[in-house]
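Q: Got a structure here, written out as structure tokens. Questions coming.
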Amino acid sequence: MTVQSPAIASGDEVGASQARWRSVPIPQVITTMAPDEHGRKSSVATIIEQPTEDTPLLERKESHISLLWSKSVVYRVLLTGFLVSLSFGVTQVPLIYVFGVMTCDEYYKNYPDAGLSLFQEPGLGHNRCQIHAIEASTARSVALLGTSTTLFGVINLFFTGWTMKAFGVKKALMLTVFFPAVRLAVQNIGVETGANMGILIVQCSQMITVVGGPVGYLLALNSLATEVVEPAERTGTLGRLSGCAMFGTAIGYLAGGLIGDYLGIIWPFRVTLALFILCCIYIQLCLPEIHNKEVEAKASKSLSTFFDPIRMFAPQRFIRPNGHVYNEYGVLFLGIGTFLGVLATSYIPVLLQMYSTDVFGFGTSENGFLISINSLVRGFFLTFAFPHIISKGRKWLDKGSKHSEGIHAAQTRGSYDDDTEQANPSPHALAQPHQDRTPGFLSAGPTPAPSSPSSSSSSSNNPKSPHPAEPPPQEEEETPEETSPFDLHFTQTSLLLDALLTSLCTFTTSASQMYLIALILPLASGTGPAAKGTILQFCTPSQRVDALSAISLVELVARLSSTSLFGVVFAGFAERGAAHWTFAVNAGIAGVGWVVLLGARFPQEGARRWDGGEDDEEWEEGIIEGRREG
């Protein structure tokens with residue numbers, strides 16, 4: 001092994017040499033890369049290839065460098081969220097109305113003389129469809145439609161997760177947008193047919209949701225968004241994407257109603273079909289291709305990966321620096337806490353409308369204005385305020401961590417310098433103690449760097465590096481960005497704030513206070529995006545799709561459960577004239593979710609994932625070597 005000149009003898013000079021080694025500019029590796037045709041630059045968003053045992057230590061940085069797309073790609077992803085959500089929202093309001101019209105047509109087709117007695121019922125002469133039999137049949141048809149959509153949506157979530165791993169994120173996103181266009185084409189036929197046959201065609205068209213629907217599209221778009229930004233920006237981008245999707249949905253609701261009123265009830269379905277086709281063209285032309293060949297090969301060979309999102313909540317095994325293996329339950333606690341939080345918060349828009357209608361006599365226009373305020377504020381908060389809070393919070397927390405680490409490092413370096421001056425060892429001995437203090441298998445990088453002849457020989461090629469086994473500075477600098485605990489703290493705090501604000505709704509006494517509530521409650525709506533950003537930090541890069549699928553599944557089940565649970569709770573309190581206590585129950589569930597989230601934590605410092613495979617034998621060898629060298 002080639003070593004430095006024996007002139008390096010004092011501890012101060014060792015520290016200076018170490019500082020010079022750490023000050024080697026990182027862009028030297030980056031500038032050697034050929035410019036990409038799409039104008040991308042180097043970053044750490046997506047790992048391209050894993051290093052092997054023969055990979056030189058100084059060249060390992062190239063294997064961990066990934067492609068960060070330009071800022072315009074991020075904006076294109078956000079625009080995709082807005083456009084596709086707009087397309088899904090256009091038919092939501094007309095669909096319920098057209099079911100009532102088709103049910104009415106079927107009723108009078110079977111009972112042509114039923115309209116003769118219509119004028120005998122007060123208030124129904126102006127609308128022949130406002131009779132109890134038609135309303136009940138319409139409600140049953142809409143309920144069946146909603147149930148089938150939900151069931152097929154859950155299947156679509158797993159299907160989209162598998163297609164992302166088997167074919168890539170962009171192809172999966174194309175499927176989730178193309179097949180809704182096919183579904184809209186079938187629904188156009190159903191609406192044109194009308195009556196009972198039209199209802200049957202529309203209901204059967206929901207089976208297409210298995211291969212393409214709103215749940216899968218959001219999952220694919222969230223996954224794509226996390227791949228085109230820096231790790232530190234993922235959580236904020238997920239929140240911004242949720243806000244853009246909310247804006248699109250709100251405008252879609254409004255546009256669907258206006259198009260149906262002015263052009264006819266069939267036109268929202270025709271316009272939506274055209275919008276989905278345009279979205280497919282836009283995605284194909286404007287969004288990037290991102291592949292992970294190793295994950296795609298594994299997914300295409302086995303359908304067992306179909307259920308990998310559920311396995312994300314299983315306890316994960318980690319190994320401490322001392323070799324002790326233990327279980328981590330952070331993802332499980334995060335999932336349960338998120339479920340309880342979404343269970344409480346997702347019912348708030350419905351609860352506001354029902355409570356204001358029953359207690360303050362709000363009508364359609366008042367409720368529409370109430371929910372518009374709520375959705376608008378929530379969209380603005382997630383799009384503009386949420387990313388800023390996450391960014392500033394991470395910097396503030398990392399600054400405090402670096403300050404404390406700097407003090408600890410100074411103390412450690414001082415004691416080390418004293419020992420060096422007393423012993424006055426050789427240059428090789430100077431490098432070896434530093435290697436023992438920071439062994440490769442304890443470093444924060446994703447791949448261990450045990451002492452080996454290959455790594456030692458490769459390190460000798462750099463005359464500025466007297467410490468061959470120290471991990472590259474780039475990995476040490478980027479680890480805090482990928483695992484900042486602020487996202488988890490924000491998730492916990494946001495849910496606690498939501499519980500407190502919702503509990504205040506119990507004391508509402510006037511209609512004007514309802515508008516104030518609709519304005520304030522969205523300020524605690526960052527729990528979902530923050531939970532997505534947090535679970536990404538609990539997993540490896542190859543598990544990002546499964547992690548997002550897992551948290552999306554939790555949110556979907558929570559939304560379904562909230563409608564039935566709080567519907568019963570509200571009905572029970574309303575019968576006793578105490579509907580306001582529904583807010584207290586809602587706040588209580590959010591509070592329980594906050595308590596559960598307190599149990600979620602990141603693995604202990606220095607711990608590494610333990611998979612129980614071949615990698616484990618390498619870990620054991622690294623641990624044994626480290627103990628022998630120590």
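Just so it is clear, glycine is given a Cβ too, placed from its N, Cα and C backbone atoms.
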Q: For the transmembrane segment entry in TrEMBL, name the matching range from 368-390, 552-574.
A: 368-390
Q: If you look at how TrEMBL annotates this chain, which of 142-160, 161-179, 503-521 comes out as transmembrane segment?
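A: Transmembrane segment, as annotated by TrEMBL, spans 142-160.
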Q: By a Cβ-Cβ criterion of under 8 Å, what residues six or more beyond either terminus of the transmembrane segment (329-348) are in contact with it?
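A: Result: 312-316, 374, 488, 491-492, 495, 498-499, 502, 521, 524-525, 527-528, 531, 534-535, 538-539, 550-551, 554-555, 557-559, 561-563, 565-566, 586-587, 589-590, 592-594, 596-597, 599-603.
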Q: Is the transmembrane segment (241-259) in contact with the transmembrane segment (368-390), using three or more Cβ pairs under 8 angstroms as the rule and ignoring pairs under 6 apart in sequence?
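A: Output yes: the transmembrane segment (368-390) sits against the transmembrane segment (241-259).
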Q: So what's near the transmembrane segment (142-160) in sequence-distant terms, Cβ-Cβ under 8 Å and 6+ beyond its ends?
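A: Long-range Cβ neighbours of the transmembrane segment (142-160): 95-96, 99, 172, 175-176, 202-203, 206-207, 209-217, 219-220, 306-307, 309, 549, 552-553, 556-557, 560.
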Q: Of the listed stretches (197-220, 241-259, 265-285), which one yields the highest count of Cβ-Cβ distances below 8 Å with the transmembrane segment (73-99)?
A: 241-259
Q: Residues sitting near the transmembrane segment (197-220): Cβ under 8 Å, six or more positions beyond its termini, same chain?
A: 81, 84-85, 88, 95, 99, 102-103, 106, 141, 144-145, 148-149, 152-157, 159-161, 164, 169, 172-173, 175-180, 182-183, 186-187, 189-191, 245, 548-549, 552, 556
